[in-house]
Amino acid sequence: MRISLHMTQARRPLMLMILDGWGYREEKEGNAILAASTPHLDRLQKERPSCFLETSGEAVGLPQGQMGNSEVGHLNIGAGRVVYQDLTKINVSIRNGDFFENPVLLDAISNVKLNNSSLHLMGLVSYGGVHSHMTHLYALIKLAQEKGLKKVYIHVFLDGRDVPPKAALGDVKELDAFCKENQSVKIATVQGRYYAMDRDKRWERTKLAYDALTLGVAPYKTSDAVTAVSEAYERGETDEFIKPTIVTDSEGNPEAVIQDTDSIVFLNFRPDRARQLTWAFVKDDFEGFTREKRPKVHYVCMAQYDETLDLPIAFPPEELTDVLGKVLSDRGLIQLRIAETEKYAHVTFFLNGGQEKCYSGEDRCLIPSPKISTYDLKPEMSAYEVTDEVVKRILSGKYDVIILNFANMDMVGHTGDFEAAVKAVETVDNCVGRIVEALRTAGGAALITADHGNAEQMENSHTGEPHTAHTSNPVKCIYTGNGEVKALENGKLSDLAPTLLDLLEIPKPEKMTGRSLIVRK
């Protein structure tokens, strides 16, 4: 039988369990998932209905061939439709010319002209396409040049996670050569995303980034950006972890610091890792650290980072209606969202269509992630604590629907440490076993899946170097319940919400264009 709801007695919960970074790849080399001992997931894949889901490219609203990511994945899952992403929207606007007539970007340029000030372009300089894209930076530079700006400064945040760990050297060489041909554009600072894009309130990192931008104070100084990266490699730092470095002029002074009346365009379009630095610049009641200097700037966000801030947004979000959380709430169902810090925003904000609001009947549980520099040092992260809590909640009889994310395979996969990734996979498998048993006891069921791959490819198959980025591989989806489910059809992430509603015997709204994966007996 289907999952049925009895409002006057203990509920039999239906769970969506998202194993972040659990991709499917048949090759064993560099595959931490196949190298791990996973008796619980192996048994479920053998005995229960399963299928494959697409998590990348056009299947999730990204350009063809573009790997998926957690933000995109959870948006598609919660919306029950393909959500066209900011990367796609911005790319299209550049191609058709709308980008160069964007009123928000033009206002930032007008502010510079009015005050004879500087334009600062800051963000992740990467072709990864997860948080930003290099083509957007070059489009911004082109726009500034077309409008005759003479003082344009680039503050380079380096990737090393969504692209190989030392991909930045080539990208920075390309950018530096461009700047030398265009004297109105200069690179002013260089630093890894570990500092400029922290999202876990490790304010000491954000402060280092902020001080470099506003004070011209940083652990290192150098005469050019390429040297900054090369010297960091010599210190043993890879792109993500390159300490803030000031690029100096011929007299040894910073090329630029951010001053009053300047304009800033933060070119990242993904919000979660753009918020903390943005707060440091714009919040009156900011408490993360003491700001020695707070320049009064014209601050532009490429996309919406925080709906509570009244800031100009170059590409504002489209409003997603009738998302999974709202449909469940409108039906009077009680739902739980649970994850540790690293993925909490994904099972709440992103799953709710990029909205901060919490629906009626929606409980949220945040388990703190361990305070360590990189998660290869503790591959278990907080998975066991998440599991302890969710098992209690399952057995409480309170919840109709539970949505859970395990961060381990993705976050440890990003470190490039194969053995640590194997431990992460085994940790998650152990937790899956406990949760499935608790669901069985409670008469519940689960769909177990992932938002994108990662841990299944820990090694670059061409170079043998660590592979730290997401993959474009499909992911598995397993149904653990009993009843009349004969099989699952292959699909994409946007089919998960319609499938959950089908199991709950709730008609999907018209806005959900995904389909149920269920094949019934």
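Keep in mind that glycine also has a Cβ here, set from the backbone N, Cα and C atoms.
Not measured: the values here are computed from a predicted model.
Under 8 Å, Cβ to Cβ, and six or more positions away along its own chain, His452 (Mn(2+) 2 binding site) finds Asp20, Gly21, Gly23, Thr55, Ser56, Met67, Gly68, Asn69, Ser70, Val72, Gly73, Asp410, His470, Thr471, Val475. DSSP assigns His452 (Mn(2+) 2 binding site) to coil in the three-state reduction, outside any helix or strand. The Mn(2+) 2 binding site annotation in Swiss-Prot covers Asp20, Ser70, Asp451, His452.
The active site, phosphoserine intermediate annotation in Swiss-Prot covers Ser70. In three-state terms derived from DSSP, Ser70 (Mn(2+) 2 binding site) belongs to a helical segment.
Swiss-Prot lists His131, Arg161, Asp162, Arg193, Arg199, Arg270, Pro271, Asp272, Arg273, Lys343 with the feature substrate binding site, giving sequence analysis as the kind of evidence. For Arg199 (substrate binding site), the same-chain residues lying six or more positions away in sequence with a CB closer than 8 A to its CB are Asp272, Arg273, Arg275, Gln276, Glu342, Ala345.
As annotated by Swiss-Prot, Mn(2+) 1 binding site applies to Asp410, His414, His470.
For the binding-site residues Asp20, Asp162, the ranking by surrounding Cβ atoms (within 10 Å, all protein chains) places Asp20 first. The C-beta environment of His414 (Mn(2+) 1 binding site), restricted to residues of the same chain at least 6 apart in sequence and closer than 8 Å, consists of Arg161, Tyr375, Asn454, Thr468, Ala469. Neighbour density at the Cβ, taken as the number of other Cβ atoms within 10 Å, is lowest among the binding-site residues Asp410, Asp451 for Asp410. Taking the mean position of the Cβ atoms of Asp410, His414, His470 as the Mn(2+) 1 site, the remaining residues of that chain whose Cβ falls within 8 Å of it are Asp20, Gly21, Asn69, Ser70, Arg161, Asp162, Met409, Met411, Gly413, His452, Asn454, Ala455, Thr468, Ala469.
In the three-state DSSP scheme, Asp410 (Mn(2+) 1 binding site) is classed as helix. Other than the site residues Asp20, Ser70, Asp451, His452, same-chain residues with C-beta atoms no more than 8 angstroms from the centre of those residues' C-beta atoms, the Mn(2+) 2 site, are Ile18, Gly21, Thr55, Gly68, Asn69, Gly73, His74, Lys343, His346, Asn405, Asp410, Ala450, Asn454, His470. In this structure, Arg273 is the one among the binding-site residues His131, Arg273, His470 with the smallest number of other Cβ atoms inside 10 Å of its Cβ.
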